[in-house]
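Report on the following structure.
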Amino acid sequence: MIKKFLSSKESKYVTISLDDNFKKNSVDDKFWTYCKGCDSHVFRKDIEENSFVCPKCSRHYGLRARKRINLLIDKGTFMEFNSDVEFQNPLNFPKYKEKVDSYKEKTKESEAVVTGYGRINGIKTVICVMNPDFMMGSMGSIVGEKITYSIEYAAENNLPIIICSASGGARMQEGMVSLMQMAKTSQALSKLEEKSLPYISVLTDPTTGGVTASFAMLGDIIISEPNTLIGFAGPRVIEQTINQKLPEGFQTSEFLLEKGFIDMIVDRRKMKEVLYQILAMHKK
């Protein structure tokens, strides 16, 4: 029997086809990560040293707020304010506090936005950076208050402001109170306009919902990272509402640039220099 098997001309090996999920998840993620942009595994350290951009296909990975601040603000110059805000549950929404506490533990942040001021190549600026890992960067009363305070601080101190958006929109657990933040932040921006102070809006993936419908699209200059999802409602909801097929690439930064809704698309690796040039141009 064994002799017959060994002398057989038939293949003694079986090729096992690994499914896509196994291929993507079978590599130790401490050293490697799977890139959806180029369908390949990439050394994690190479991505981190490349501003969290894939060195093969230039796909921009999501960033937590402090990592983005480290990329944009001069080392040692960032001063945070309003980091110790207290939790608010205006509607007494069930289990809302428990959910917020879990995200605090996960992200080591108090809320979905980090605010403060620092310097970009020596130029002082106020900066707000939203954290998409904290309840999808949703805007509730605390996020709205922190952004409003930052805008007012910039106006009072004659400083420019940069807001980096990354959000799923208004926070549903706060209902109408979260929607009020849209008007609150938008109204605050008028104080900058009165003093001719620049507001630079940086859109990152994703920027949607109430954030898009308020301060994110009100910048004097609106910049986006490549291939960023920007919109109010999702494409499926829109198609079901209007009973029409949306154009290819709808709600991407490239589509919005073509239609004139944003001013420029900037690679993350060049973002700090572009922001510096804009700030230097408008420096008083």
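Each Cβ is built from the backbone N, Cα and C atoms, and glycine gets one as well.
Since the structure is predicted, the reported quantities are computational estimates derived from the model, not experimental observations.
If you take every residue in the domain 'CoA carboxyltransferase N-terminal' (31-284) and average the pLDDT, you get 95. Sequence annotations record features per position, and here Swiss-Prot assigns domain 'CoA carboxyltransferase N-terminal' to 31-284.
Among the features that Swiss-Prot reports, zinc finger is placed at 35-57. Taking H, G and I as helix, E and B as strand and the rest as coil, DSSP gives the zinc finger (35-57) the counts 5 helix, 6 strand, 12 coil.
The Zn(2+) binding site annotation in Swiss-Prot covers Cys35, Cys38, Cys54, Cys57.
Compute the center of the Cβ atoms of Cys35, Cys38, Cys54, Cys57, which mark the site for Zn(2+); besides them, the chain residues with Cβ within 8 Å of that center are Lys36, Gly37, Asp39, Ser40, Val42, Pro55, Lys56, Ser58, Arg59.
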